[in-house]
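Heads up: the structure comes next, in structure tokens.
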Amino acid sequence: PNKQTYSYYGILESLSGMRVNVRFISFDDVLEHGVADDIDVIVTGGPVDTAFSGGSVWAEEPRLAATLRAWVHGGGALIGVGQPSAQQFQGRFFQLADVLGVDEERHQTLSVDKYFPAVTPEHFITADVHLGEGVLQGFLDAGYRKPLSGCGGGQAIGELGGIDFGEPIADTFPVNEDVTLLRADGGQVQLAVNEYGKGRGVYVSGLPYSAANARLLERALFWASHNEGKYAAYSSSNPECEVAVFDKSGCYCVVNNTDRAQSTYVERGDGRIERIELAPSGIAWRTI
């Protein structure tokens with residue numbers, strides 16, 4: 001894959017097989033009509049100075065950032081990947097840094113203290129991320145660097161890993177001490193979540209496609225939209241297996257997306273849990 005683009009492939013590839021309804025909207029749509037009432041989460045991402053991240057529209061149309069801020073603050077959700085809303089303007093690089101909880105240092109605020117809260121290793125979004133034996137304890141034992149001044153916090157010494165973020169976005173940092181860092185290896189932010197009024201923001205530095213990253217994005221969507229309680233129903237415990245529900249037909253299927261035999265647990269809508277064994281590339285049908 002192209003080195004400059006593969007870090008974004010996982011967004012559409014993951015959504016294409018996910019149990020969510022997807023709609024494509026443009027920046028012009030938001031400027032002209034606001035955000036529709038039936039939209040729960042907006043996902044935006046891409047490198048700086050491209051149509052994907054918005055480019056100069058953030059400076060030319062400040063109403064765009066204001067509209068999205070108000071929407072998230074009122075209960076909406078925003079997930080940003082890579083360099084979302086990137087445009088050097090009014091003292092910020094990510095114009096929605098206050099929503100996402102993360103900005104990128106572009107050598108304009110080097111004298112400003114940066115806050116690095118302690119990493120939160122366990123979170124709803126990362127619940128299916130598997131770490132090697134002893135990795136978490138080693139990370140915790142390594143501790144944190146002392147902050148260079150009396151303000152802020154120090155970056156973690158060790159690396160937690162376990163997630164493929166693709167090509168790194170350098171020099172990202174949390175905008176305040178209230179941001180929850182889920183991954184901040186190497187002194188920069190890869191994954192963070194932020195409460196913003198009644199809404200939520202999520203920052204991901206990159207999302208190459210894999211079953212594990214599809215699961216990460218799915219969990220991020222449910223968390224950001226305050227739907228964590230709905231996640232378990234008809235979810236596969238194994239990220240390599242997907243569940244599709246056909247309500248009108250009264251059945252659901254479990255698909256093995258690999259060429260290896262897989263086993264998984266599926267929690268039904270009534271809370272019952274069923275173990276399902278699948279042959280390579282196999283599919284199993286069950287009644288609801």
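Cβ atoms here come from the backbone N, Cα and C positions, even for glycine.
Listed features, source TrEMBL:
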- 2-228: domain 'Lacto-N-biose phosphorylase central' (DOMAIN)
- 234-285: domain 'Lacto-N-biose phosphorylase C-terminal' (DOMAIN)
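With DSSP states grouped into helix (H, G, I), strand (E, B) and coil, the domain 'Lacto-N-biose phosphorylase C-terminal' (234-285) comes out at 0 helix, 28 strand, 24 coil. Mean pLDDT for the domain 'Lacto-N-biose phosphorylase C-terminal' (234-285) in this predicted model: 95.
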